[in-house]
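Enquirer: One structure, as structure tokens, below. Some questions next.
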Amino acid sequence: MAEQYVAAVDQGTNSTRCILFDRRGRLVSVAQREHHQLFPRPGWVEHDAGEIWNNVTRVVPAAIKQIGATPSQIVAIGIANQRETSLLWDRVTGRPIGRAVTWQDTRTDRLVTELAGSEGPDRFAQLCGLPLTTYFSAPRIRWLLDHTPGLRQRAERGEILFGTMESWLIWNFTGGANGGLHATDVTNASRTMLMNIETLEWDDRLLEAFDVPRAILPEIRPSSGVFATATEVLPGVRIGAALGDQQAALFGQTCFSAGEAKCTYGTGSFLLLHTGQEIVRSKHGMLTTVAYQIGDQPASYALEGSMAVTGSLVQWFRDGLGMIHTAAEIETLARTVEDNGGAYIVPAFSGLFAPHWRSEARGVIAGLTGYITKGHLARAVLEATGFQTLEVVDAMNADSGIALTALKVDGGMTANNLLMQFLADLLDVPVVRPMVTETVSLGAAYAAGLAVGYWPDLEGLRSNWHRAGQWMPHMDPARRATEYANWQAAVQRTFNWIRPEDQEP
Amino acid sequence: MPGTVQSIERAAAVLRLLAAAPDGLGVADLGNALGLAKTTVHGIVRTLHQVGFVEQDHSGAHYHLSDAFGRLGESYLDPNELRSRAINWADSLASRSGEVVRVGRLVEGKVEVVHHVFRPDDSDQDLDVGTTLPPHATALGKAVLAYDTSARPRSLEAYTTRTITDPVQLSEELATVRSRGWATEFEEHTVELASIAAPIRGLGGLVVGAVGLAGRIERICDSRLRHRGDLVSMVRATADAIARDLREDP
């Protein structure tokens, strides 16, 4: 019998990829297509959902063709997706209404402040585990319904569907307007602010507060479990899983037990700590989120520290400043100097995420002197990711009461040795990279493969995890303390930059 | 006698025009100046852009010479770029073969380790990225040395009794590497270890580095002490996959 594979579709912020994995969790082929980032106004970031689906229809066959396989060798599809990016579409035509509003979009700034009112941003935290910020979906849905003429009436009549990107993909994989399934999973639903974190159902109090009609919402399913059988792209293949990309990475790193943590370094970076079946409420700016749910088993939860701008700071250094030609070259440039020369870059491009959650903050370069060269700035760009991780780890340790003993890392930036060493130095723990850095896709594949019986259980998956690289801490503690103090001083200087009267209407 | 290659003549003409235009030129400007169709010029500048000789300005409308043009003697591929392109494929090779995988490139007569993947048995291992290996005593080294046109290492230091220390023998060995497209080593650097490597070819066929695996001879070689064919195939497929990645979108 021909070898069988699981196809992971990772619908990310910058691109859509299909990766095939074999039974031992090894990557066998990759196909990828980027989509356009649309910036119609300052602070707005949109995607064309039609373009994204079109990319899915191309990368999946391309990945299969790359190894000379046939669609019959695919046993399941697992979907991982950029989270919180919100789309409305027409139930009858299946066509998107406007563009998808991405997680980086800050158009709901003012709305979020209004919604918080006198109770503050934690107004809904008890119900949904999240603070009110521009990051999550519900304010975005509200904004779209308020700003598109006639849409609210149509939504209330049941003509409009809402979904994050996995819902859009599941709907299209299963026929779209011709009988497509309108569903999401618990991890994605936990990022909307509309799902009750305890019952794992849409909560009427939240729906009312955000003024979102229930009729537009998808059905909430477990993350791992057969959603439906695809009729498009891979007809006859079961969709076995859908998870938000960061939860998928936690799954791919086989962090299946309370106390296990991973950090994924991409456009943004996300540290997730598995807290078992317990809902831990953070006092230090971490988010409470669903880690995954397998079939009808109880859901597992996680604490999450989200950093909005990490890899995207390197992209800005490349595209915005033109200092380097490719993202990887930043390491070469950074190695032309010994240290940061006293410069610190705090990339609060659209406010600061965890643990500060300051939407009015904007970025600074602190400590500039005539001594600073582009090499120092390159260091400061990379170190910004390290310092942001340290802030999150500090907060996580305080919330969980357990000090991190090692950090499992993955994502594109783990190819940067200078950054990985800096992380180990700063956190003062070993930083460990697994054999498959594509953990987002791997996690989606694992969850889908479990659902269809391709893999028997979690222990089997755990035995697939192997260490591919490890960085040990070497930094002098006094220097670590000074550097961190300098960073914290720089962070203070980003606060209160945007004043309420500056905000766009 | 083979004739001259017209597209290279035209590319040279484009480069001369760009060198004389500090503000850069558009495709139409170049086409008008050379009396060539816009599509022809477009193909030429796109290729020159891909190989790194010209750059596009922010709007994408104008092309100008890149600074790489003045540094042709240097490696055209950044080592960190090579690592980021190689990482998925090197991981995959390590997990398939069960052995240590390294990506290396030739720097000042030595092989610099650009990327290192641990043997997937979760034993204690230290990252050796940035360290150097002797090119004549490792498969990784032979795989890059075979395609290097600059001077060969003058003193061939012996690491074991099997290290090739005779320049003539090394030349023969490198000729073999070139003819079959992959390199091997057997107890030439460390006793009881063997290695296999293949060159990574970037644009135009330039060898930008090599990828290889190393391990104990009983795992790397068969009962007749020949390097295992299945491992050779895996290494070559990995080098090809990295090369494809490098050529696809620079």
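Each Cβ is built from the backbone N, Cα and C atoms, and glycine gets one as well.
Pulled the feature table from TrEMBL, pasting it below:
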BINDING   A:T13, A:R17, A:T267, A:G311, A:G412, A:N416  ADP binding site
BINDING   A:T13, A:S15, A:T267, A:G311, A:Q315, A:G412  ATP binding site
BINDING   A:T13, A:R83, A:E84, A:Y135, A:D245  sn-glycerol 3-phosphate binding site
BINDING   A:R83, A:E84, A:Y135, A:D245, A:Q246  glycerol binding site
DOMAIN    A:5-252  domain 'Carbohydrate kinase FGGY N-terminal'
DOMAIN    A:261-451  domain 'Carbohydrate kinase FGGY C-terminal'
Enquirer: Can you check how the pLDDT averages out over the domain 'Carbohydrate kinase FGGY N-terminal' (A:5-252)?
Expert: 93
Enquirer: Within 10 Å of the Cβ of A:Q315 (ATP binding site), how many other Cβ atoms can be counted across all chains shown?
Expert: 14
Enquirer: Say we define neighbours as other CB atoms within 10 Å of the CB. Which of the binding-site residues A:T13, A:S15, A:Q246, A:T267 has the fewest?
Expert: A:S15
Enquirer: Can you see whether DSSP assigns A:R83 (sn-glycerol 3-phosphate binding site) to helix, strand or coil?
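Expert: The three-state answer is coil.
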Enquirer: When each of the binding-site residues A:S15, A:R83, A:Y135, A:T267, A:G311, A:N416 is checked against chain B, which show a C-beta distance below 8 angstroms?
Expert: A:N416
Enquirer: Would you list, in sequence order, the binding-site residues among A:T13, A:S15, A:Q246 whose CA lies within 10 Å of the CA of A:R83 (sn-glycerol 3-phosphate binding site)?
Expert: A:T13, A:Q246
Enquirer: What three-state class does DSSP give A:D245 (sn-glycerol 3-phosphate binding site)?
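Expert: For A:D245 (sn-glycerol 3-phosphate binding site) - judged by DSSP and reduced to three states - the answer is helix.
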Enquirer: Near the glycerol site, what residues other than A:R83, A:E84, A:Y135, A:D245, A:Q246 in the same chain have a C-beta no further than 8 Å from the centroid of the listed C-beta atoms?
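Expert: Along the chain, the qualifying residues are A:Q82, A:T85, A:W103, A:R191, A:G244, A:F270, A:S306.
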Enquirer: Including all protein chains shown, what's the count of other C-beta atoms within 10 A of the C-beta of A:Y135 (sn-glycerol 3-phosphate binding site)?
Expert: 28
Enquirer: Of A:R17, A:R83, the binding-site residues given in the record, which has the fewest other CB atoms within 10 A of its CB?
Expert: A:R17
Enquirer: Where A:S15 (ATP binding site) and A:Q246 (glycerol binding site) are concerned, what is their Cα separation in Å, rounded?
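Expert: A:S15 (ATP binding site) and A:Q246 (glycerol binding site) have their Cα atoms 15 Å apart.
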Enquirer: Can you tell me which binding-site residues out of A:R17, A:Y135, A:D245, A:Q246, A:G412 are within 10 A of A:Q315 (ATP binding site) by Cα, answering none if there aren't any?
Expert: none
Enquirer: Go through A:E84, A:D245, the listed binding-site residues, and name the one with the sparsest Cβ surroundings, counting other Cβ atoms within 10 Å.
Expert: A:E84
Enquirer: Using Cα coordinates, what distance in whole Å links A:N416 (ADP binding site) and A:Q246 (glycerol binding site)?
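Expert: Counting only the Cα atoms, the answer is 20 Å.
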